[in-house]
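As written in Swiss-Prot, here are the features:
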{"type": "BINDING", "residues": "T45, C46, N47, R48, S99, E104, D105, Q106, Q110", "note": "substrate binding site"}
{"type": "ACT_SITE", "residues": "C46", "note": "active site, nucleophile"}
{"type": "SITE", "residues": "H89", "note": "site 'Important for activity'"}
{"type": "BINDING", "residues": "G175, L176, G177, N178, I179, G180", "note": "NADP(+) binding site"}
Amino acid sequence: MLWVIGINHKVEVDIRQKFSLIKTKLQEKLISLKKLANEVIILSTCNRTEIYFFSEEYVDIEKIFTELDWDKRYMHLFYIYKDKDCIKHLFEVVCGFDSLLIGEDQIVAQVKEAKEISKLVGGKNPVLERLFEVALKCSKEFRTKARLNEHPITIASVVGKVLKESNIRKIAIIGLGNIGILFCNYFKNSDVDKVFLIGRKNEKIDQFVKLNPEKFRYYDKKKTILEAQCLICSTSAPHSVVHKDDIPEGKNLLIFDLAVPRDVDVEVYELPNVKVIDIDQVHKIDTINREFRISKMQENYHIIDKYVDEFIDWLEFRQYRNLIMEMKRHAEQLCKAQVKYIKNVDSRERKEVERLLIRMANLYIDRAIEVLREAHKEGSGEICSNLIKRIFLK
C-alpha cells in the first residue's frame, strides 16, 4: 500500500508550525516511523509536512501522531492520499502545482533532499525511492515543456520585487541555510548596497563574501538590526530568534519571516513601525508572470498523467519480482552445473565459459520478462507467468 499523510500551506502557519519537523531531527523521526511501515520518506518544508509510506497495510493516523508526539486535536486538518492519488499528489507537488508560489522550483531540491535523508537511516526504500525518482524525472520534463525554466519564480525574486519597489538597499539575512543561499544568489546581481549575513558560516556563503566583500559580510545581529532596512529570516530554529527587545524603539523595519516555525516573536508583529510579512502572505504579492505560469502548467498537465501511469505500471509489475529472481537463480545454477562437464580446461577458462553461459541465459530471460510485461499490460499476466514457470522452472 502506497500512501501519504500531510498538512500544507492551506492551513495557516500558526497551526502548521506545530507539525514542522526540523532537519536535524528528521533521521530520528524516520527511525521512529519505520516501526510502523516498511518504507518511509519525510518531505518537510516551510510550506508542508508530508510523510510518504509504503507498507503491507495502512497505518492508523493516531499511531503516527503518537509516534511523533503530535497533538491529535488537529488530525482533521491532515489530508491522506492513497495509491494513485498519492502518486499524483507527489508529482503535482514537485511540478509546482501545490506551492504557495505557483510553479516555483525550490521544491525540486527539497524532494531530492528528502530522498537522500531517508537513505541515511539505513534499510531499503525501493518503492518510495523509485516514486521520488520518477517524480523528479516528471518535473524535469514538465518544467521544460511548460517553459517554466524560462520564467523562473522563487521566493527570492518575489521578495526582491518588493524591496526594489520600496527602494530598500540594506538587507540582513538571518539564517544561512538553503533559503539564505537562494537570497545571496539573487542579491549578488541586484543593485542592493549591503547584505548583512547572520548565522553559522559555511563554504557556500563564504564564496559570496570573497567575491564581493563590499556587498556581502558577516555581521553581529544587534548591529545589523540598527543598520538594516529589511530582515529576511529563514532559520531552522525551533524557537523565535528575533524578539521585541532586538528592535530599537521607533525603528522602521520590514521583516520577511519565511521560517516554519516562525523566526519572529509575535510581539514584534505589534510594533508600530515594523511590518512583518510571513511565509503565507508571500503568495499574495506573487504577480511575476503568474498568469503565464498557470496557463502553461495547465496546458502540460498531461505529462503528469503520463508519468503517473508509468509508475503504476512499474508498481503493479513488481508482483512478478520473485518469479524473475527465481528464474535468474535457476538459470545460474543450471549454467554452473553444465560447466562441470567440460574437460581439459583450467579454472580461468572454466570461469570464462560459465560467465558466457550465464550471459546467454540472461538474454533469454530478459526476453521472457519483456513478453511478461506486454502480457501484463494486456491483462493476461497471470497466464503468461504460469507459462514461464513451466518453461524455466520445471
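Placed from the backbone N, Cα and C atoms, the Cβ positions cover glycine too.
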Could you check which of the recorded positions C46, L176, G177, G180 is the closest Cα neighbour of S99 (substrate binding site)?
C46
Within its own chain, what residues at least 6 apart in sequence put their Cβ under 8 Å from the Cβ of N178 (NADP(+) binding site), listed in sequence order?
Q106, A109
What other residues of the same chain, not counting G175, L176, G177, N178, I179, G180, have a CB atom within 8 A of the CB centroid of the NADP(+) site?
I173, I181, L182, F183, G199, S234, T235, S236
So how many other Cβ atoms are close to I179 (NADP(+) binding site), meaning within 10 Å of its Cβ?
22
Cα of I179 (NADP(+) binding site) to Cα of N47 (substrate binding site): how many Å, rounded?
13
Among the binding-site residues listed here (Q110, G175, G177), which has the Cα closest to the Cα of H89 (site 'Important for activity')?
Q110
Rank the binding-site residues G175, G180 by the number of other Cβ atoms within 10 Å of each Cβ and report the first-ranked residue.
G180
Which residues does C46 (active site, nucleophile) neighbour through Cβ under 8 Å, counting only same-chain ones at least six apart?
S20, I179, S234, L258, A259, V260, I279
Determine the most Cβ-crowded residue among the binding-site residues T45, N47, S99, Q110, using a 10 Å radius around each Cβ and all protein chains in the structure.
N47
